[in-house]
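*Asks:* Below you will find the structure I want to go over with you.
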Amino acid sequence: MSTPSQAEVRRMIAAAGTIVVKVGSSSLTQPSGHLDPDKLDALAAALAQVRLMGGRVVLVSSGAIAAGFGPLGFDSRPVDVATQQATAAVGQGLLMARYETAFGRFGIRVGQILITAEDTIRATQYRNVERTLDRLLDLGVVPIINENDSLASNEIRFGDNDRLSALVANLVRAEALVLLTDVDALYTAPPSQPGSRRVEYVPNVIDALGDIQVSGSGSKVGTGGMVTKLEAARVAAVSGIPTVLTCASNAGPAMMGDPVGTVFAPVKARGSSRRLWIGFAADPRGTIVVDAGAGQAIRGGRASLLAAGALEVHGDFSAGDPVWIDAESGEHLARGLAGFDSEEIPQMLGRNTAQLKRFLGPQYAHPLVHRDNLVLV
């Protein structure tokens, strides 16, 4: 697809029938870290206007931990995982109660969906989330999504919901992604640094960010930084979805296509939901290392990974789990869904189809990763 102009990207966003909006904890809280009802009400009002004009809106909202640590008597966000999870369990209900009141003023119902990273790994769970979101939107509800911080493992970090928002945009076939943060745009360097300039338009987020300095650290009440927001914009861009990044007070103008924040152009036409899931949603559980011949065939775009071209297998995974396909150098070539359990694959390595049938049985005469379940990276 040809690269659209900045004006064209902003028109795409303004014309979007389905919009996913992500807001971080720092955009919903007071300087003390407590939830700020006025900020939440202002955001709900901006989203309600889109919904009342016939648009479909999904909100990916952080803030459960930020909403909970004040009522529990903490002065600041807890740092240990167990206390964070307990705080999120208290805060999520408080957060949703505020949203229900705020949207209720406009006669709009909201529905809560809590997701863990595990829900993006198994295709069945992924499809269940997809169906639930579709039905909520059909019913005129504004789904409010958050990572299930009270159950999530691995230090409760999905990227402050940034990557999750891009995956949700794929799930609901959104035509725009809006990332709301505590700065008004992307800058060439930290905004406080002399000479820093606002970046109004990024035509190709994959190629054009080498000269932009970003920080991986987030605020004291959140977990994400600009790095995770750029990753979300990248996922959206290669999924055919335009993105705008700005501060929460600019939510309304951003969705109307006004010249605020930073817009990121889509760099590919939209792919299938299944292939987008394989490529972005599912965290690989292991790695299959391939020889040069298999690597060349995979790079060609339409080849399955056969056991004859596989050299090594690493990790513990089951058939159907996502895996990396790597060259001997360690370069990631593709992601795919494994056709066999990891414990079955070592005996298959290097064998052609005839050998697999003869020595292991006909049930093993199949690709390690079928081409329909493989996405180049």
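The backbone N, Cα and C atoms fix where each Cβ goes, glycine too.
Pulled these features from Swiss-Prot for this protein:
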type: BINDING; residues: LYS22, THR181, ASP182, THR223, GLY224, GLY225, MET226, VAL227, THR228, LYS229; note: ATP binding site
type: BINDING; residues: SER62, ASP149, ASN161; note: substrate binding site
type: DOMAIN; residues: 285-363; note: domain 'PUA'
*Asks:* Other than its own, how many Cβ atoms are within 10 Å of the Cβ belonging to SER62 (substrate binding site)?
*Replies:* 30
*Asks:* Take every residue in the domain 'PUA' (285-363), average their pLDDT values, and give the whole-number result.
*Replies:* 94
*Asks:* Which of these binding-site residues has the least crowded Cβ, counting other Cβ atoms within 10 Å: ASN161, ASP182?
*Replies:* ASP182
*Asks:* Binding-site residues LYS22, ASP182, THR228: which have a Cα within 10 Å of SER62 (substrate binding site)?
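*Replies:* For SER62 (substrate binding site), the binding-site residues whose Cα atoms are within 10 Å come to LYS22.
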*Asks:* Would you identify the secondary structure of LYS22 (ATP binding site) according to DSSP, in three states?
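*Replies:* LYS22 (ATP binding site) sits in a strand per DSSP.
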*Asks:* Measure from the CA atom of ASN161 (substrate binding site) to the CA atom of LYS22 (ATP binding site) and give the result in Å, rounded to a whole number.
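*Replies:* Rounded to a whole number, the Cα-Cα distance is 7 Å.
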*Asks:* Is it possible to list how many residues within the domain 'PUA' (285-363) are helical, extended or coil according to DSSP?
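*Replies:* Split by secondary structure, the domain 'PUA' (285-363) comes out as 23 helix, 23 strand, 33 coil.
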